[in-house]
């Protein structure tokens with residue numbers, strides 16, 4: 001079971017109303033390498049992965065939901081009280097027509113989220129290498145979004161999320177080593 | 001109802017976020033290093049600190065968790081603003 | 001912090017008929033997780049306040065990144 005915490009993992013500040021960047025951030029909300037994909041990918045892989053890495057998948061999957069909420073918060077703050085005209089100028093006109101200010105799980109080009117973004121091969125190595133690749137792709141996406149904004153407050157939160165991808169990739173690499181190790185013996189490094 | 005959040009709210013929240021972040025990092029680390037006794041001791045010590053910090057925060061600003069993991073004053077505080085994205 | 005350089009440069013071929021002004025150097029990031037096969041125990045830690053701000057508890061895993069967008073340069077929203 002999951003218990004919600006009524007707080008963000010990291011403080012999110014934005015310094016201006018900026019629907020243009022909000023649109024780019026939607027990529028990390030409902031895009032292929034976004035936080036929703038990440039959370040669902042890891043939590044779903046737990047049911048076929050060897051017992052010794054289930055804990056890691058559970059915890060990283062759970063942290064991804066905290067990141068999803070941070071992304072939602074950024075989009076919320078960047079578009080709060082924006083006029084339909086402002087949204088339209090940012091390329092969010094179609095989004096406004098369908099959803100008003102509502103968030104939707106699609107990518108920055110408006111393509112709806114699909115389960116095809118995430119894989120479960122049932123093979124531990126294949127799954128963990130997909131996870132490592134997903135983290136590196138998300139890191140790269142954060143870099144490109146950071147490059148698109150001069151809002152230092154927003155950059156700050158995005159840098160935090162980017163660094164988390166690096167730490168997660170590190171842990172998944174360690175999980176690969178654990179999977180590769182012969183027998184269930186505890187290895188001391 | 002729109003209440004004003006003072007500087008104290010943000011300071012307390014940040015303190016909690018700092019403690020909990022270290023706990024997240026140590027959790028992921030311990031998932032792949034279950035035999036690191038020193039990290040485990042640090043984890044338990046920080047978990048205790050977090051509990052104190054969270055209790056204090058909740059006394060002042062309301063419950064952080066639902067389903068019985070936090071207490072509530074009267075009337076039921078869970079539904080009160082602000083929600084995390086609003087602060 | 002991490003003494004090793006975290007970026008790599010490469011020099012793409014420049015053709016005579018490419019209309020965009022050429023970039024002579026391209027750069028990509030190689031984060032520190034690429035050089036640690038399994039994190040050793042007892043690595044030095046950041047103080048908790050810095051750890052949250054930087055996104056990791058361990059300096060050995062920290063990877064800085066700066067925006068290519070200079071102040072005031074971003075398109076208007």
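Just so it is clear, glycine is given a Cβ too, placed from its N, Cα and C backbone atoms.
Summarising the annotation, TrEMBL assigns Mn(2+) binding site to A:35, A:64, A:67, A:135, A:168. Annotated Ca(2+) binding site per TrEMBL: A:59, in sequence order.
Locations of recorded TrEMBL features on the structure.
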{"residue": "A:35", "record": "Mn(2+) binding site", "Cβ neighbours (10 Å)": "24"}
{"residue": "A:59", "record": "Ca(2+) binding site", "Cβ neighbours (10 Å)": "18"}
{"residue": "A:64", "record": "Mn(2+) binding site", "Cβ neighbours (10 Å)": "23"}
{"residue": "A:67", "record": "Mn(2+) binding site", "Cβ neighbours (10 Å)": "25"}
{"residue": "A:135", "record": "Mn(2+) binding site", "Cβ neighbours (10 Å)": "24"}
{"residue": "A:168", "record": "Mn(2+) binding site", "Cβ neighbours (10 Å)": "27"}
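Within 8 Å of the Cβ centroid of the Mn(2+) site, not counting the listed residues A:35, A:64, A:67, A:135, A:168, the chain contributes A:38, A:39, A:60, A:63, A:138, A:161, A:164, A:165. When the Cα atoms are compared, residue A:59 (Ca(2+) binding site) and residue A:168 (Mn(2+) binding site) turn out to be 10 Å apart.
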